[in-house]
Amino acid sequence: MAASVANCCFSVLNASVKIQSSSISSPWCFVSASSLTPRASSNIKRKSSRSDSPSPILNPEKNYPGRVRDESSNPPQKMAFKAFGSPKKEKKESLSDFSRDQQTDPAKIHDASFLNAVVKVYCTHTAPDYSLPWQKQRQFTSTGSAFMIGDGKLLTNAHCVEHDTQVKVKRRGDDRKYVAKVLVRGVDCDIALLSVESEDFWKGAEPLRLGHLPRLQDSVTVVGYPLGGDTISVTKGVVSRIEVTSYAHGSSDLLGIQIDAAINPGNSGGPAFNDQGECIGVAFQVYRSEETENIGYVIPTTVVSHFLTDYERNGKYTGYPCLGVLLQKLENPALRECLKVPTNEGVLVRRVEPTSDASKVLKEGDVIVSFDDLHVGCEGTVPFRSSERIAFRYLISQKFAGDIAEIGIIRAGEHKKVQVVLRPRVHLVPYHIDGGQPSYIIVAGLVFTPLSEPLIEEECEDTIGLKLLTKARYSVARFRGEQIVILSQVLANEVNIGYEDMNNQQVLKFNGIPIRNIHHLAHLIDMCKDKYLVFEFEDNYVAVLEREASNSASLCILKDYGIPSERSADLLEPYVDPIDDTQALDQGIGDSPVSNLEIGFDGLVWA
């Protein structure tokens, strides 16, 4: 899949690439607006040691956004995510208060004192090594931006400070760097909150206030430190579109603002302004293809305010909730007549996630016709402002985890209303492991770990195999805490002769017991008193180890391969059974694959 790649090498999350149609001849992808040095880009993605055919180094689908390895021998080009500042208040204010309206002189956008609020973020990243989960990858550095929102806080993109080990910030016109701390990351909305303790950093700074959602064709100004120079850059354009948009970093779908102002590598994290000098959002990604140009995306202030309110309410970020249903449009008259839907409205429930609260009140075949008394059209849209419509999922995104929604449905021709508690989606294969190391356990050289999107990306899709990829893309969790556990690799030793070539295979059972997650597997192994350890894999493959011989070989294997522990720290904790429904295991993983928006099927969509 081709994508426009500059010398700085745009970086793209694998989950951000969307296939628009069955034809691969019209490629397009979302990329984060961050810059990379030419030399750093060649090293940013280390190949798997077991990969027979290394992937192209500059393939944007195999790189993480916003990361630049520091090369002292070849000074990196500046990579910018911009930031605005606000003074540290003596009187503590609510973070959500900064969404209040504040009229600003339009000329102030070009005033030096206003631009001084923009700061540059310097981040050192140390990402986990998902192929060798007991260690981390070599550290690298990146630069970005953030803007001050008051009370000693900075706002930036989550991908700017992902897997951070050190964060520093520097104001415009200042040669000093100040240590910053990441307070919270919202991966799904690509927003992070930083704090700076130094009083000197905040001298002369003014807080930035958030404005309203703009209108179509409103002027917009994007400020930042993009590639091409060290000083601040200002670009202008107009609002082209406002709709539910795919967020590349979080693999989520939230409200987004499309603009035609140039957003280049380095603009991530920088504010976008209207003509009144109000911040209407945060620049975070661009849309690249051979047929388009100047399509940038801004996180609107409604999403920013939701993030801040969530953090303020809970003391942590709980994430955006979902309804947990797969929906189909009802545009066909015969389909509506068959379902006894009298009017041109509603969307059909095709599947309900077992882990969602909707599974208690909604059924396949129900037609959702309203959400909190707002009518849902047959195309899955609801009224939005004057003379506009927007995807039904927008209403769900306005809720918080734990909120209750009233759903109007038609079931077998009968109108009903049900209440559903909205909770964050449970991913069978997580898109991110934010903080900490991946879980793993090593048994006689057999390395077991949960399947995750970062692992798939690191291993390359070709080495993962079609079956695992299908489950990762299409399957849903049957219960909270469920994982797909795989045998990642085998560390060769005489105790595991004959199994050395096994890798990336799903383990289904241990001594006849179905595996629920990696912690469950570790628990079963610890409790085992049988003579043999029997692992059953996909495709009916089996591996048998003698228990006492395996235990005796463990220390030798760890020493030979320089591994500090046979398991990750989280697996040392007592095991808690995640299943609250004993019938959940009767349903096979992946037996009923479903589609999702990223695959490009326009008729079915998760909400």
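Backbone N, Cα and C define each Cβ position, glycine as well.
The active site, charge relay system annotation in Swiss-Prot covers HIS159 (among others), and the record cites similarity to another entry as its basis. In the three-state DSSP scheme, HIS159 (active site, charge relay system) falls into the helix class.
Annotation comment: Swiss-Prot describes ASP190 (among others) as active site, charge relay system, evidence class similarity to another entry. ASP190 (active site, charge relay system) falls outside any helix or strand according to DSSP and counts as coil. Using a 10 Å radius centred on the Cβ of ASP190 (active site, charge relay system) and all shown protein chains, the other Cβ atoms total 30.
Around the Cβ of SER268 (active site, charge relay system), the number of neighbouring Cβ atoms within 10 Å comes to 34. What Swiss-Prot lists as active site, charge relay system is SER268 (among others), and the listing cites similarity to another entry.
Taken from Swiss-Prot, the feature compositional bias 'Basic and acidic residues' applies to 87-104.
Residues or ranges marked as domain 'PDZ' in Swiss-Prot: 308-403.
Positions annotated as region 'Disordered' by Swiss-Prot: 41-104.
Among the features that Swiss-Prot reports, region 'Serine protease' is placed at 118-317. Over the region 'Serine protease' (118-317) the predicted model carries a mean pLDDT of 90.
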C-beta crowding around HIS159 (active site, charge relay system), within 10 angstroms: 31
DSSP-derived structure type at SER268 (active site, charge relay system), helix or strand or else coil: coil
Residues of the domain 'PDZ' (308-403) by DSSP state, where helix covers H, G and I: 22 helix, 27 strand, 47 coil
Length of the line joining the Cα atoms of HIS159 (active site, charge relay system) and ASP190 (active site, charge relay system), in Å: 6
Nearest-integer angstrom distance between the alpha carbons (Cα) of ASP190 (active site, charge relay system) and SER268 (active site, charge relay system): 10
